[in-house]
Amino acid sequence: RYLQGQLGVPLVEASRAEPSENCIAWLDVQVPAKAEVLRFLDSGGARPPREALAVLYFGQQLEPNITELVVGPLPRPAYHRDVTVRKYGGKVPYHRRPVTGREYAEINALILRELKKAPLFLTACCESDGTDLVTLTTAPRGFRSGDRLTWFVLFHNVAGTGYYLSPVGLEVLVDHSDLHASQWQLRKVFYNGRYFASTGDLEQEFVAGALEVVRLKQPQADAVLGSMKPRRPPGPPGPLQFEPQGPRYSVRNNHVTFQGWSFAFGMNPNTGPRLFDIRYRGERIVYELSLQEALALYGSNCPGGMSTRYLDGSFGIGRFAYELVRGLDCPYTATYVHRHYLAETDTPKTNQNSLCIFEHDSGLPLRRHFSDSQSFYYGGLRRNALVLRAISTLINYDYIWDFLFHPNGAMEVRVHATGYISSSFLHGRGTDYGNRVGPHTLGTMHIHHIHYKVDLDVDGQLNSLESQDMEYEFVKDPWSAQNTIERPHLRRERLEREDEAAFPLNVPLPRYLSFVSPNPNKWGHPRSYRIQVISFAGKHLPTTSSMERSVSWGRYQLAVTRRKEEEPTSTSIYNQNDPWTPTVAFADFINNETITSQDLVAWITVGFLHVPHAEDIPNTVTVGNSVGFFLRPYNYFSEDPSVDSPDSVYLSSEQDAGACGDNPLACLSSAAACAPRLPPFHFGGFLNL
């Protein structure tokens with residue numbers, strides 16, 4: 001309301017706005033500067049004013065542009081300031097804006113009008129009049145800055161199943177660069193390996209008998225490729241996890257506490273989950289841990305597939321994190337949290353129960369030992385962890401975002417990929433780019449690369465980076481000097497500049513990489529946290545590519561830079577539609593500055609190559625499709641802090657193992673004597689669609 005009354009220009013609701021009009025594209029909270037936050041949290045300073053970041057598309061101006069405004073203070077705004085030039089060095093060109101729902105609707109209407117110019121062909125190829133076909137966008141949209149030409153792939157649409165596995169072989173190139181939809185044009189048509197100037201030309205070739213047509217039957221819902229409907233009646237229920245005496249964690253607004261851990265969580269509508277002020281035993285370990293981007297880059301011998309490089313932040317990783325299914329996406333008794341966003345509308349939307357928090361029993365000891373020598377005893381601790389989870393559905397793929405907090409002071413970040421594969425119509429040498437997974441369906445190869453920002457503050461803000469690895473040294477045994485011993489030797493090195501701390505993708509990392517404090521632990525070693533990356537990333541886009549700088553974060557599996565307020569994110573949502581002149585290029589962050597005793601940020605890339613295969617039908621499974629990283633204490637403490645856990649178990653040959661007072665495991669039979677009262681199942685996830 002403030003913006004509508006203060007800007008002096010007409011604002012149309014984004015869901016109705018034409019490209020030639022002005023609108024508020026989306027809003028989010030404006031994250032305050034770190035120095036302001038720490039003065040408030042740590043030094044009793046003033047609370048930073050709560051402000052909003054408003055992103056506006058100004059199409060109705062002499063120079064159409066994207067403008068970012070900070071508006072405050074909330075909840076009663078009284079000022080706004082334009083931060084676009086400060087953030088990006090200049091105005092953001094209008095062609096870089098993400099495609100809105102209204103723009104997609106206009107494109108689909110254009111495609112349908114053009115399809116109606118080939119009625120005989122559509123009947124022959126697809127048993128269709130065009131109205132039962134659906135389109136799938138690709139991106140980026142062209143080959144040079146200013147382009148807005150998008151290939152759209154057409155599929156049979158069958159209610160209740162994923163259309164992504166039913167391509168009909170038809171793809172169209174749409175030019176939607178003009179501000180007026182009436183001027184948009186269909187520039188090219190592709191069918192079964194051939195290119196045509198228009199759907200009229202396609203129809204002409206078909207009528208002349210000069211076109212090879214693959215005649216597809218209209219798929220039936222009960223037999224369509226990729227149906228997820230159960231094929232067997234339900235069996236007995238599986239194991240159920242529950243808390244006999246209620247949750248052992250606390251969630252208050254967006255603040256979580258659990259067995260020494262505390263953190264605040266949020267959800268950016270574009271880039272997804274982010275955590276702040278992560279502390280263990282009252283000490284801040286991480287100031288910010290946030291998802292930055294998810295890249296999916298495809299190969300195919302069809303134009304749509306071969307040109308697809310999705311940057312999912314521009315579509316809305318947080319916005320499309322929908323309601324979680326109780327008992328499947330998360331444990332039945334988890335705590336479920338609503339998330340709110342405002343994007344392409346003037347009224348906020350709520351994704352109910354779209355984030356969950358739960359304590360997870362991995363069924364594995366965190367540590368244990370059975371002593372059968374000298375004295376007989378057993379000691380151990382279950383590997384329980386607190387999990388924060390959200391799941392984003394980005395067109396066909398579902399990404400499960402997990403953040404885990406372990407009782408030994410370690411954090412774990414991981415992402416699982418599931419959902420439907422994307423596919424192309426199988427023709428020619430299609431299997432050079434994937435595997436055949438259906439009668440006419442090619443599962444197209446692709447890479448998933450995910451980028452994270454980790455602003456570690458290990459025992460204070462001023463940290464250095466240390467690597468440790470092993471070498472063998474060959475020495476004569478000192479007691480006789482007659483024999484050679486191959487002795488492992490520890491090589492320690494302080495990395496002093498950013499260029500040294502930028503580790504290329506798919507080149508082995510030093511086995512130990514740690515953010516180190518200048519302060520020692522009890523044993524004289526620097527208090528440190530180790531970064532341990534678990535990844536199977538594919539190859540990064542060649543640096544000779546005209547769009548590589550827009551994803552240059554993917555050059556590195558790990559890069560450590562000095563923290564700067566003017567480098568808050570490794571990419572931009574505007575990079576998707578103009579990757580040739582990226583709004584943010586991560587490669588520019590690395591300029592060989594010193595990283596000794598500085599406030600540092602670790603930027604981490606994880607990912608995997610996926611060559612779809614028959615077992616990806618109907619969906620890619622999470623088994624084996626998980627990557628991530630650990631942040632582990634390394635000499636940060638004087639011993640494993642989990643020794644203080646009340647869940648610790650110790651049994652000796654002299655004690656009564658069945659005594660509840662001495663052994664918490666002996667208490668379970670009485671504590672869990674009754675089944676928990678479960679809330680009734682409810683799912684409202686389709687309400688906002």
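Yeah, the Cβs are placed from backbone N, Cα and C, and that goes for glycine too.
A TrEMBL annotation is a machine prediction, not a hand-curated record.
Per TrEMBL, the features are:
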- Asp312: active site, proton acceptor (ACT_SITE)
- Tyr397: active site, schiff-base intermediate with substrate (ACT_SITE)
- 12-79: domain 'Copper amine oxidase N2-terminal' (DOMAIN)
- 97-194: domain 'Copper amine oxidase N3-terminal' (DOMAIN)
- 241-642: domain 'Copper amine oxidase catalytic' (DOMAIN)
- Tyr397: 2',4',5'-topaquinone (MOD_RES)
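Looking only at the active-site residues Asp312, Tyr397, the densest Cβ neighbourhood within 10 Å occurs at Asp312. Here Tyr397 (active site, schiff-base intermediate with substrate) is positioned 10 angstrom away from Asp312 (active site, proton acceptor), judged by their C-alpha atoms. Per-residue confidence over the domain 'Copper amine oxidase catalytic' (241-642) averages 97 (mean pLDDT, predicted model).
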